[in-house]
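According to TrEMBL, the protein carries these features:
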- His76, His78, His233, Asp307: Zn(2+) binding site (BINDING)
- His76, His78, His233, Asp307: Fe(3+) binding site (BINDING)
- Arg85, Tyr143, His170, Gln236, Ser312: 4-imidazolone-5-propanoate binding site (BINDING)
- Tyr143, Asn309, Gly311: N-formimidoyl-L-glutamate binding site (BINDING)
- 67-369: domain 'Amidohydrolase-related' (DOMAIN)
Amino acid sequence: MSAPGSTGSILITGIGSLVTNEPALGTGPLGILHDAAVVVADGRIAWVGPADTAPDADTRHDAQGRVVIPGFVDSHAHLVFAGDRTAEFAARMAGQAYAAGGIRTTVAATRAASDAELAANLDRLVDEAARQGTTVLECKSGYGLTVDDEARALRLASAVTDEVTYLGAHVVAPEYADDPAGYVDLVTGPMLDACAPHARWVDVFCERGAFDGDQARAILTAGKKRGLVPRVHANQLRHGPGVQLAVELGAASADHCTHLDAADVAALASSDTVATLLPGAEFSTRAAYPDARRLIDAGATVALSTDCNPGSSFTTSMPFCIAIAVREMGMTPDEAVWSATAGGAAALRRTDVGRIVPGVRADLVELDAPSHVHLAYRPGVPLVRTVWRGGAAVA
Ligand code: NIG
Ligand code: FE
C-alpha cells in the first residue's frame, strides 16, 4: 500500500450516491452527490460532478447506480507476525480474561519465523484488507522486541506501506522481565537507532503490565527527538495516563480510548489528537465498547480502525468495524463511514486521502449497494465490489 501506480484516465459514471467527505461538494457532512461521476487521471481525482456534465476519459466504468465512497484508511494495525492465537481466543470466549501477556506468544513465533514467512503473512493480510476496501494501512512492529527483530519488522512493513510505526514498546521483552528499566533503555537507545530510519511514527502500549506513564513519556520523547511522531495505545484495559500523555506530547492519535474520564474526553476534544477507536478489540476480548457518542458530542475527532493483530483483534475488515461502531458505540452510519475514511486520514495526518475531491489520490470503493448506510445495515455481507488505489483497480 505504498507508491500507487498511475493509469490512463478513467471515467467512473452512473454513481447513484457519491460520498466525497467534502461538505462543500454535496449534501450533509459527508458531502453526498447523487447521479455523479468521477474522473481519475495520473492516479489522482481529476474531476467530480454531475454525471451528465462529466468530461470524457480513456476508459469508462459504469457504477449502475451503486454508491462510491473514499477508500478506508486503517490507521492502526499490527501485521508483521507469525502464528495465531486461536486457543487463546477460544479460552476467552469460554470465560477467560484478556491479558497483554499473550503478546509474548506471538513474539516467540515471530522471532522464529523467516523473513519470507513474515512477508508472506503480511502480504496475505494486506491483500485481505484491500479486498475489503482498505486503501491506506498503518503497520506497527512490536512482535520482535530485539534490535534486529524490530528493525526487520519495520523493513518488511515498509515494503507494503509508508505508514510504518516503531512499537518496540509493545511489552517488555521476555529477556528483560526482571529489568524493565533496562528494556526502556534499549527501546530508547540502540533499538531506536536501528528502527528510526524505517519508521514515521513511534507508539507505546501504555497499560499496566506493559509500560507506565513515565516509561511511555521517555520512549515517546526519545522517538520525537529522532523525528518520529507519537501515537499511543491508551486507556484500553483500564483507566490510565495514556490519553493525557498523548495530548500533552502532541500525538497524532490516542488509540483504544475505551476507559476515559471527563478530563480525558475534554483533553481530546480540545486537541489535534485523534481518538482512534478499535471495536474489533472489544469484540474479540468480549469487553465493553468505547463510547464514541460521548467523544463526538464533546467535539473530539474520532477515527475507526481494525487493530488487526493475532491476539486481541484478528480482523482486517473496516466494514465490520463500521457495523459494530454503529450498533454498539452510538455512532450514526454517516459518522462511522467518515471515521473509517476521513477520520483515519486525520489520525495519519494525511490530507491526500480520505476524501473524493479534485487533486487527492484516487482511492475509491464501489459498494454493491445504493447507499453507504448499507455498510452497517447489511453487516457481514461482502459489499465491496471494486477498489481503486491511486487510480489502479486493486480488487
Ligand atoms: O492493540 N494493546 C496492545 N496491543 C494489541 C494487542 C496485541 C496482542 O494481544 O497480541 C492491541 O490490542
Ligand atoms: Fe494495537
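FYI, residue positions are counted from 1 along the chain as it appears here.
Cβ coordinates are placed from backbone N, Cα and C, and glycine is handled just like the others.
Sequence features annotated in TrEMBL and their locations in the structure.
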{"residue": "His78", "record": "Zn(2+) binding site", "DSSP (3 states)": "coil"}
{"residue": "Arg85", "record": "4-imidazolone-5-propanoate binding site", "DSSP (3 states)": "coil"}
{"residue": "Tyr143", "record": "4-imidazolone-5-propanoate binding site", "DSSP (3 states)": "coil"}
{"residue": "His170", "record": "4-imidazolone-5-propanoate binding site", "DSSP (3 states)": "coil"}
{"residue": "His233", "record": "Zn(2+) binding site", "DSSP (3 states)": "strand"}
{"residue": "Asp307", "record": "Zn(2+) binding site", "DSSP (3 states)": "coil"}
{"residue": "Ser312", "record": "4-imidazolone-5-propanoate binding site", "DSSP (3 states)": "coil"}
Q: By CA-CA distance, flag whichever of His76, His78, Arg85, His170, His233 among the binding-site residues is nearest to Asn309 (N-formimidoyl-L-glutamate binding site).
A: His78
Q: Around ligand 2, within a Cβ distance of under 6 Å, which of the binding-site residues Tyr143, His170, Gln236, Gly311, Ser312 show up?
A: none
Q | Under 8 Å by Cβ from Tyr143 (4-imidazolone-5-propanoate binding site), counting only residues of that chain that are 6 or more apart | A | His78, Val80, Phe81, Ile103, Thr106, Val107, Thr110, Asp149, Ala153, His170
Q. Among His76, Arg85, Tyr143, Gly311, the binding-site residues in the record, which have a C-beta under 6 A from ligand 1?
A. Gly311
(Q) I want the residues beyond Tyr143, Asn309, Gly311 whose C-beta is within 8 angstroms of the mean position of the N-formimidoyl-L-glutamate site's C-beta atoms, in chain order. (A) His78, Phe81, Arg85, Gly102, Ile103, Thr106, Gly142, His170, Pro310, Ser312
Q. Which residues of the same chain, at least 6 positions away in sequence, have a Cβ lying under 8 Å from the Cβ of Arg85 (4-imidazolone-5-propanoate binding site)?
A. Gly102, Thr105, Thr106, Pro310, Gly311, Phe314
Q: Pop the Cα-Cα gap between Ser312 (4-imidazolone-5-propanoate binding site) and His233 (Zn(2+) binding site) into the table, whole Å please.
A: 13
Q) In Å, rounded, how far does the Cα of Asp307 (Zn(2+) binding site) sit from the Cα of Gln236 (4-imidazolone-5-propanoate binding site)? A) 12
